[in-house]
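K.L.:
In case it's useful when we look at the structure, here is the feature table from TrEMBL:
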type	residues	note
BINDING	307	ATP binding site
COMPBIAS	1-11	compositional bias 'Basic and acidic residues'
COMPBIAS	13-32	compositional bias 'Polar residues'
COMPBIAS	52-62	compositional bias 'Low complexity'
COMPBIAS	67-77	compositional bias 'Polar residues'
DOMAIN	270-579	domain 'Protein kinase'
REGION	1-83	region 'Disordered'
C-alpha cells in the first residue's frame, strides 16, 4: 500500500470513530509517557511522548501507546501505530532535539505536556541554531529515535560544549512547556554549578515552581519578600498553617528558641547546614548564603554563621544593643584590622532577630583541647596576646566593654594559622550604658563584679590575664566551682583585699565576716584554699622543668590586681617588655 493511500485511509478512520491522539504525561515510575487525556483534543498537532533521560520513545515496541475514546480505552495495534506516525509526518510535527556534552551526566525528564504551538516551533528553531553554535560534532543526539553515539575522536572534541549553555536550553524548554514566558538571555533563575552562582527568583516564579514545597504559612509569608534564593525544598520542615497560633505557629519551642530544621531556609536566603551551638541568648547555626556577594567575582554559596535570638523581650533588647555595637565597630574598623568579627547582615524572621556573621574556625578552648591541655609555646601565646590587646585597645578607645572575654569567644580565622577574631558581643555595652550588674563567665570574672563594685573597661583586662595564663599552662588560672570558691581561688594568689576596698563592695557580707575575714569555703573535693598560699611563678609553671619567664609573670601580675585602676590598660600592655621582647 502506498504512503498516500495509507494516510487517506487513516484520516477517514479517525474522522468516523472520533479517535484522538494522546497527550503525553510522564509516568514517574517507569520514566515513559502514557496517555492521560480525558477531554476533547483542541489541537490536532500533538506529539507523542519521549523520555529525555533514557533516549527512548513511548511509541516504541517496548511500551504500549494508548488512546482513549469517549467510552473506552483502545490499545493501538501495529497498523494504528504506523498510521499515527504517518499523521505526524503529514502535519510536519517536529520533536525537540537536545544535545548533551560529555560533561553533562544526565538530562532532565520533562514532566509537563508537550503541545505543538508557534512558541514551541520558535523554540525548536532556536535549538537548532544553538546546536550549530555549540559545536559541529556533538557527543550524542537524544531524540525520539534513541541515542546516536559518535566516534571516540569526535566525542573528545565535543567536550568543548559549554555545559551552562545546555542547561539554559533545558530550562527554556521547560519554561515553554509550563507556559512561562522565556526572555532572551536566561530564565528567571539561573544556576551555574561550575561557578556556584544563583540569581534571585521573584515571588511569582518561586510560588509557581516551589509551591508544593511551601507550607500554607510560607505561601503567605513569601509574599513579603522581593527576592527568593532558597525555599528549603529538600528539608523535612514544619508544616505550619496560618490558623495555628500557639508557639509562634509551631516554629518555636517552649523556651522561645527557634526550632532548627537542617536544609530549611532562613529569610528565603540562607540554607541551614548544621547547628554550631546554643546559649541563653538563643542559638547559632552554620548556613550557606545563597545570594551572590559580588557580581564581579561571581561568588556565591558563602558559608556564614547566623545567630538566632530567642523570642523573648529581654534577649531581643540585648541583641539590638549588640547590633548597635557591631555597627559602630565596623565604622571604626572599615579595613578589618582589629581582630573583631564582622557582622554581615541582620534581619527579622518569624519574630526572631537574626544576626549574620562571617564563619570562623575553632575557638581557643577547642584548640587547647586538641592539644591535650598541654598549653602553647610562649611565642604563640604572645601572638594571640597581641591580637587580643589590639582589639581591646579599639574597644577601650571608644568606651566599649566586651564583658565576656574567654577562650570560647576567641576564634581562629583559619584552622592552621594563628590569626584570631573576638566574637560574641551579646553582653557588651558602652561604659555609660551599663545594664547588667552580673556579667562575665566565672573563671574569667573580675573581683569587682563578684563583690558588687562598679565595673568598667578594666574587667576585660582581668579576663585577658586569665586567658593568657590558661593558654600557656593549659589549665584555668582560677577554676572556681562557684562564686565563693572563685573568690577563694583569687585570694589564694592575690591575698585578702584591704578594708578600704571591701567597704566599697555591695556584696561584701556574702563572702566576708564582720572582721573582714573570708568565710570558710570548701570545694567538692574537700579542699580549702588558703589566701596567699600560691605565687604567680608557681601558678604559671607548666611543670617542675619549665623555664621561668620573668617578664611573662610580671605581665600577668599587672593584669590581675584588686584595684581596677591599677591594672594595665590595653595600650600599656602592648608596650610591656614581654610584648616588646619577641617578634609578633
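Heads up, the Cβ atoms here are built off N, Cα and C, so glycines get one too.
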K.L.:
Counting every protein chain present, what is the number of Cβ atoms, excluding its own, within 10 Å of the Cβ of residue 307 (ATP binding site)?
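P.N.:
Here the count is 25.
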K.L.:
Give the mean pLDDT for the domain 'Protein kinase' (270-579) on the 0 to 100 scale.
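P.N.:
The average pLDDT of the model in the domain 'Protein kinase' (270-579) works out to 94.
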K.L.:
Need the DSSP three-state call for the residue listed as 'ATP binding site' to compare against my parser.
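P.N.:
The residue in question, the residue listed as 'ATP binding site', is strand (DSSP, three-state).
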